[in-house]
């Protein structure tokens, strides 16, 4: 067995404060270890800045950045599923492959949604 011990549970604002640090650690880990996460974040930042210049109001801006944030969240979930599956063992198992493939397909759907929203907006902008 490993020497890893689960820290005692905090309560109240202390729990919230600790949760923020756990989230920060998760983002640092994803940035350091997952190239797909870095690519999605860089693309999202570019699109958020571009949306700030292209849109006329807050609603348009919000609708354009929604798929950006959605894809970042999906990539975090995808990466965490991959890490959990890799932790369970190194040998190939069909269920492990299915879990990884389904998580990856969720990201594909998110990226298609992103392309659809931005493509439709840019076409509307171009033809008006």
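Using the three backbone atoms N, Cα and C, a Cβ is placed for every residue, glycine included.
As recorded in Swiss-Prot:
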- 75: active site, proton acceptor (ACT_SITE)
- 34, 82: divalent metal cation binding site (BINDING)
- 35-55: transmembrane segment (TRANSMEM)
- 58-78: transmembrane segment (TRANSMEM)
- 108-128: transmembrane segment (TRANSMEM)
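When Cβ-Cβ distances below 8 Å are used as the criterion, the transmembrane segment (108-128) is approached by residues 47, 54, 60, 63-64, 66-68, 70-71, 74 of the same chain, each at least six residues removed from its ends. Every protein chain shown contributes to the tally, and the Cβ of residue 34 (divalent metal cation binding site) ends up with 19 other Cβ atoms within 10 Å. The recorded positions in question are 75, 82, and the one with the fewest Cβ neighbours inside 10 Å is 82. Among residues of the same chain six or more beyond the transmembrane segment (58-78), those with a C-beta under 8 A of the stretch's C-beta atoms are 26, 30, 34, 36-37, 40-41, 43-44, 47-48, 51-52, 103-104, 106-107, 110-111, 113-114, 117-118, 121.
Proximity of distant same-chain residues to the transmembrane segment (35-55), defined by a Cβ-Cβ separation under 8 Å and at least 6 residues beyond the stretch ends, is recorded for 61, 64-65, 68-69, 71-72, 75-76, 78-79, 107, 114, 118, 121, 125.
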